[in-house]
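Lifted from Swiss-Prot, the feature list:
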ACT_SITE  SER116  active site, charge relay system
ACT_SITE  ASP169  active site, charge relay system
ACT_SITE  HIS202  active site, charge relay system
Amino acid sequence: MSNLIEIKSKSTHTATVIFLHGLMDTGKGWETRMENIISMGGLDHIKFVLPTAPTIPISINFGNKGTAWCNVTAFYPGSEEDLIGLEKSMKLVEALIEEEIKNGIPAERIILSGFSQGGALTLYTGYQSKHKLAALITLSGFSPSLSLPSKIKPENKDIPLTMFHGTDDKVVNCKWGELSHKSYLKVGIKNSQFISITNLDHSSNEFELKQVHDLIEKYLPK
């Protein structure tokens, strides 16, 4: 995959975090924030992989091209879904997971995470993957498809899930994130939590990044 950012582990590599950016962004755009998380300590054994989405026409951007994991017509529940684009991007992420496994990192030592549309792809891939991952973490994420809950593989239902969302998010409303989480609870995703962050808009902050750090340290211990 082109434009792939890798932050190498500082000690022996025994675990990996794959982080997926949001619409019109790049893996490079999240590099500094991932380095901030690493600087909080305890993650020297972990490699961070930050891919960049393909460049495609985006309906919400008046058809102009930009980086996106799939086409977007609107950011609200029930908007038109680009399932073909989601499936293509899921294959890209699965290839990254399989590359880590090929290099000696078992699936249960890999966390998949993402922001906004990257969070949506995290859910879409993580719950349908043939590889049972260590955990899924989303920031300002949402369910990318109304049909996803019915597609979840039974063996993946106990993958730990944490969804963070800012209460002041004007792009992906916090209520959408909360409804997405509830839709997973209804199909048996019990090991999960939804955490709203007061006064946070469609972005991340130090408090949220510290929570992400603590989860990575929990699910990918040395």
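Cβ atoms here come from the backbone N, Cα and C positions, even for glycine.
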Worksheet entry | Cβ neighbour count (within 10 Å, all chains shown) around HIS202 (active site, charge relay system) | 19
Worksheet item: Could you state the CA-to-CA distance between HIS202 (active site, charge relay system) and SER116 (active site, charge relay system) to the nearest Å?
Response: 8
Item to complete: Express the distance between the Cα positions of ASP169 (active site, charge relay system) and SER116 (active site, charge relay system) as a whole number of Å.
Response: 11
